[in-house]
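Taken verbatim from TrEMBL:
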- 39-285: domain 'G-protein coupled receptors family 1 profile' (DOMAIN)
- 24-45: transmembrane segment (TRANSMEM)
- 57-76: transmembrane segment (TRANSMEM)
- 96-118: transmembrane segment (TRANSMEM)
- 138-156: transmembrane segment (TRANSMEM)
- 191-223: transmembrane segment (TRANSMEM)
- 235-257: transmembrane segment (TRANSMEM)
- 269-287: transmembrane segment (TRANSMEM)
Amino acid sequence: MENASNVKEFVLLGLSENQGVQKILFLMFLFFYIIILAGNLLIVITIMSSQCLNSPMYFFLCYLSFVDICYSSVTAPKMIADFLVENKTISFVGCIAQLFGVHFFGCTEIFILTVMAYDRYVAICRPLHYTIIMTRRVCGRMVIGSWVGGFLHSIVQTLLTTRLPFCGPNKIDHYFCDVHPLLQLACTNTYAVGVIVVANSGMITLSCFVILVTSYLVILLSLRSQTSEGRYKALSTCGSHITVVILFFGPCTFIYIRPSSQLSEDKSVAVFYTVITPMLNPLIYTLRNGEVKSAMRKLWNGKVGSGNGK
């Protein structure tokens, strides 16, 4: 990938330039990344190996955990490694690849969370038609649609950025390559590109968030006619998803719904949806879900039992 500019590499300033703080952040984010990999991989293995977790809700949860692993892996390893080196450079090609990955997996996660909200709506508001509507084929198409939607969104962001000329400076006040920081470095007027970025990124985030909120408002209204036991079961099922949606969509909306700015706080906010949310997702879904915890215990007992049998 060749760019018509003088800049062949960028310098990522990261979260802090203080050497002592960087060592602390290295240990902290290395621990976070290990939790992300272990937690989400455990959910994927548990759902794929358990026969009782075969409903559409767990089908989508399996893909959500897989996307979380990929999403955090686009930014976290580079950020963690940069805490230990003085020269925090990334090539132009590497920067664009990272930008593509962040938006590809991030947008795919947004679509999967939206699909999960629709799944909960059908399960609670139309329970008699649930098995007819949410067939395996339909669920598969929804997941494929989420991946395709994420790809189309990301390719637009990537093509817009690669067409910009970069003449210097090349220092990015962030810990990964994103559209807004790169727009600030381009040596041309980026107003039109900025508008397209907000329309593409921000409106996808906002529209999906509106769909999610509407889905749960309809669910809450439908619960008034159910018994207290039915309301508790429905709310406990949706509670985990609502928590994840708030943690993920809040920071995303703040970053991408407005034009490019000079706010250095953006990189601190980005930590929430690139690291914190993927780390908390396994804890949120397992702590509130008895079926997942039971399946994990069976999986663990089976592994331990087979190990002792040897």
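Note: Cβ is positioned from N, Cα and C throughout, glycine not excepted.
Only pairs six or more apart in sequence are counted, and the transmembrane segment (96-118) with the transmembrane segment (235-257) gives three or more Cβ pairs under 8 Å, enough to call it a contact. Same-chain neighbours of the transmembrane segment (235-257): 57, 106, 109-110, 113, 116-117, 120, 123-124, 180, 197-198, 201-202, 205-206, 208-209, 212, 216, 219, 223, 266, 269-270, 272-273, 276-277, 280-281, 284-285, 288-289, counting only residues six or more beyond its ends whose CB sits under 8 Å from a CB of the stretch. Residues 15-16, 61-62, 65-66, 68-69, 72, 76-77, 79-80, 83-84, 275-276, 278-279, 281-283, 285-286, 292, 296, 299 of the same chain sit 6 or more residues outside the transmembrane segment (24-45) yet have a Cβ under 8 Å from a Cβ within it. Summarised as a single figure, the pLDDT of the domain 'G-protein coupled receptors family 1 profile' (39-285) averages 87.
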